Every structure is written in structure tokens, then in C-alpha cells.
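Have a look at the structure below, then the notes.
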Amino acid sequence: MKTTTRQTGRYGAFTPVPLPGRTWPNNIIGSAPRWLSTDLRDGNQSLATPMSPDRKLAMFELLVSMGYKEIEVGFPVASQDDFDFLRVLIEQERIPEDVRISVLVQARDELIRRTVESLEGAPRATIHLYNATSPLFRRVVFGMSRNECKDLAVQGTRLMMKYAEKTLGDCDLGFQYSPELFSDTELDFSLEVCEAVMDVWQPEPGRGIILNFPTTVERSLPNVFADQIEWLSRNLSRREHVCLSIHPHNDRGTAVASAELALLAGAERIEGCLFGNGERAGNVCLVTLGLNMFTHGVDPGIDFSDINEIRRTVERCNGLAVHPRHPYGGDLVYTSFSGSHQDAIKKGFDALEREAAHRGAAVGDLPWEMPYLPLDPEDVGRTYEAVVRINSQSGKGGVAYVMSAWHGLNLPRDLQIDFAHVVQSQADAEGGEITPDRVKRLFEREYLSSSDLPVPLASGTELVTTSLHIDGERFDVGADRADTVQAVRATLTRWGFDVRAVHRTGIAGQDRGPDADVAVYAECRVEGRVSWGVGIDRDIEAASLAAVRSAVIRARLKRLPARGGEATGIVAPLVAAGR
């Protein structure tokens, strides 16, 4: 059987670019490039079932709403559907005044003529002309010499200008040329062809040209592509009239890196697709590129504030699901299952809230510094609810976060540890994820259902009574409301428990009214062993009694000694509604 190792001799390393004094490694990305979305052309042509007219229109409207100003709307001579869609956009005046459409065409006479006709009546448009220039395609696909290949590009440019002059006189017409398979083409030949094309177009102020350099098939390391782009930027004539554009593909999985390094090297425009759709492994992902800039403090000029709606529309139009791990947009990219990650995230949120309170500011106005989360999910329309999800790998931090964020219960640290063991045991037994609602039910079963009876309090405002059931015996306690916990302490002391109640009352939860619930956490220590109980009630005394009794009874149910211990009640406010 052949092995992959034995086949490596069939492949060779990509030849590096000799570039003394390269400057791009010392540069930074300080502003956004020009963006072009090719979802409706390169993305659409890669689909097993191309978009219907309705889906194309939905994609176009999404791109416009996000702020893309250059949109490649199709390949009009490739299909009647593409031609008809372009006509709908023009004839129904669906192209906003600040948006420029683009169409692709090969450097062939009849194709160029038909493409120009498809644009009749368009207010603004760019014709994107291309021909393959790599040695492999010249030799194997077209049987052309270098001069013949260059002449094809030159003649295509002349034909485009001739037909456009006759048909598109009122159109604000732009011109783009791409040496297809640029990254596989000799650099000197790419430059030669581009210079010949510019000699025909004659770029000047107000009449620039887009020279677009695609990694039609990604073969090299990103730094090699950056060297190619810097070499071109150095050597192109009329550079001030050239918009140096790139079109990275993702065959090696490094399209984003290639694009970012190319920006450092002088690229000024990027073509790509939302969520990386496109031929084979896809085009560069415009979402990833834009939000990478956003997280470095650079405004991408694109609205990603509702990433879920963007994703839903793209999935519906493409008929392809976005991977749950796709950067910024996948279902799981803001989620942690690991216990150590969850603990760090919880501490990060706690620190942000403390800092916000200290400054008297909203959390959303503070610099984002959060373990494991490079982007605030709320900045792209996500919530914090899915940041922490619970399974057998989760620890106290994750459990505590879910109880606080979902259910408004801020558990004392030792109770976090105690309950985490309960949740982890359940996750091990069941397998899979434990939902927040399931976590709450486990909490209620474990800590709120340990008493035989609810804690009864007399209806009077001064005198209260309650009952304790310990080891099968009932003990009634009556006292002034202010002395209820002390009375319980005295009763339990007679049975060998030293009860100490510590009330911690802080800021009320979301419900700050007089009827807001409070949560009381009681820690019962019996001969050095610990049992926890919880009480939740609008009446703080009722909650305290329920918590202490729950803790004592849980100790008994665990077969702990019934005497010779102590119980401690800790009272804290409920942080969020939801009993």
C-alpha cells in the first residue's frame, strides 16, 4: 500500500522571492482596505446548486446593508441567470448610489461584447477582465507562448474600451485586470503583462486602474505571497494610479494570513466571500478579515453587529451551513466547556463588573480584556448565555457562571465546589451536555428539596414559629422575628450543633422592589465535614431558616454524625430573578 510519506517526492517547495530589504514585516494594518464581495460570482459559481434569483437578491441586499461598496454581481456570459440578474439590478434601480457593481469576463471578443451589453444603463460599474498567465496554463491548457498570452490581455483591453465607448457612454466605468493564477506566474511576466495592459488603458488622475493579483490556487506560504506583492508594489509604473488588489483562495488554509500579510506589503483592496465560500477550499473570509481588524481597534467599515442574521442569510442563500468553529460566526466560537477556561472567563466578567462599578460606566464602554474571548460577543449581537456550557469537563467556574448568568444565584466559593461535583457526576452518568435549565433542576433537587416540609412562619409581624425535624423528631421554635435565627441556634445547640448565622446583605438583584427574593446559603459543619443548604424566599428570615434546616438535614441524609457539629447560615441577595 502506498503511504503519504512515500509520495512526497511528487511535490516541490514553492520558490521564494528574492527581496532584499523587504519592509512588510515591520508594517502594521492601520486602516481598512477597499473590500469587494464576490459572493454572487466566485461564491455562486462554486455551489452545487447555484442561487436562484430570489436568493441572489437576498445576498445582494445583505451585502449592501453591511456596507460593502464594491460587489461582483456575476459572470454575465457564463449563464442566462447571471445575465438576467444583472439586468434586474439595473432596470429596477436596485443599486444604491454609493455602490459599484462589478462583472467578470474572459479576454475573448464575443464574451467582452456581450458583457458590455449586459451593463447598459448601469450608473456605475467595473469590468473585470482576466486571462490565465501561469506557465502550466500557457503550456497545458492554451498552448500559448508568453507573447501570445500578453497579446490576449492587451487585445481584450482594447476590445473592452471599444465596446464600452459605444454602449456605456453615461456609465461611470472602472476597469480591473487580473493575471489569473498570478501566484504561479513568473513575477517578471506578471509585471510585463500588467504594464502592457496599462499602456492601453492609460491610467491617470480620475482614471485609475485596479490590478488584481489572485492566488487562484493557494500554493505558497503567506510570507511568499507578501513578498510577491511588495515586489510588484515596488516595480509597477504609474503606481499612484494603481489600486493593488488581491484575491486569495484558501487551498492551504492560510488565505486570511496571506491577505493580512499582503496588506502589510502594499495591497489596498481585497476580494473575498462571507464565511469563506468559493471554489474548492473557498475564498478568503471577509467576516474573519473584518473582525480581525475590529479586534485590533481598526474600523473595517463593515457592519457585523448582527452576526447571527448575517450567517442565517448566507446559509440560506448558499445552501451551506457555517461550521460551528468558524471564527466569529460559528455556534461554538464564544463557548467554553473546559473547567479552567470557564473559571477564567467567570473571573474576567467579575473583574469587568467591578471596574465598571468603580468607574461608574457601563461594561460595554470599557476596554475589552477577557480570558479566552478575543471579542465581546455582544459587539456582534451575540449574548453571553452560550459563553459557558456545561459537560463532564466543566468545573466550579463554569457551574458558578451558569448559576449567576442564567439563574441569578451568586454561590459562595465553597458551594461552587460542592455543586460542581454534583453536576460533574451527573454529566459523567448521562454523557453529553448539561443545559442551564438542567443545572438549575439539579441545584434545586440537591439543595432546595432536602427539607421534609417548607419552613412555616406565623403570619404575625412580631412572633414567628417554625419546626425542625432532626433524626425523626420534631422541634418547634417560637421567637420574635428579629431573634428567629438565634432561637434556632439555641435549639440546635441543645442537640450538639453550634449554629452561627452570618447575614451578608448586598446589592439587590434585577428586581429591586420590596418583593424581591433573597437567597440564603447555609454551611453545616459536623465534625469537620461540610453540608450545604439553600433557602430562597421573599422573607429573609424564612429563607434563612430553610437554608439552615436544609443543610442540617442534608448532613443527616449523608449519614454524617447528628451531633457535635456546627451550622453556619450565610444570607445573600438574589442577583437575578428566577426561582
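The backbone N, Cα and C atoms fix where each Cβ goes, glycine too.
Lifted from Swiss-Prot, the feature list:
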- 33-308: domain 'Pyruvate carboxyltransferase' (DOMAIN)
- ASP42, HIS247, HIS249, ASN283: Mg(2+) binding site (BINDING)
- 450-579: region 'Regulatory domain' (REGION)
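According to DSSP, ASP42 (Mg(2+) binding site) is assigned to a helical segment. Other Cβ atoms within 10 Å of the Cβ of ASP42 (Mg(2+) binding site), summed over all protein chains shown, number 23.
Excluding ASP42, HIS247, HIS249, ASN283, which define the Mg(2+) site, the same chain contributes THR38, PRO214, THR215, THR216, PRO248, ALA255, GLU271, GLY272, CYS273, GLY278, GLU279, GLY282, VAL284 within 8 Å (Cβ to the Cβ centroid), listed in sequence order.
For HIS247 (Mg(2+) binding site), the same-chain residues 6+ apart in sequence whose C-beta sits under 8 angstroms from its C-beta are THR38, SER178, ASN212, PHE213, PRO214, THR215, THR216, ILE270, GLU271, GLY272, ASN283, VAL284. A 10 Å cutoff on Cβ-Cβ distances gives HIS249 (Mg(2+) binding site) a total of 24 other Cβ atoms nearby, all chains included. The region 'Regulatory domain' (450-579) scores a mean pLDDT of 61 in the predicted structure. Within 10 Å of the C-beta atom of ASN283 (Mg(2+) binding site) sit 30 other C-beta atoms, taking all shown protein chains into account.
According to DSSP, ASN283 (Mg(2+) binding site) is assigned to a strand segment.
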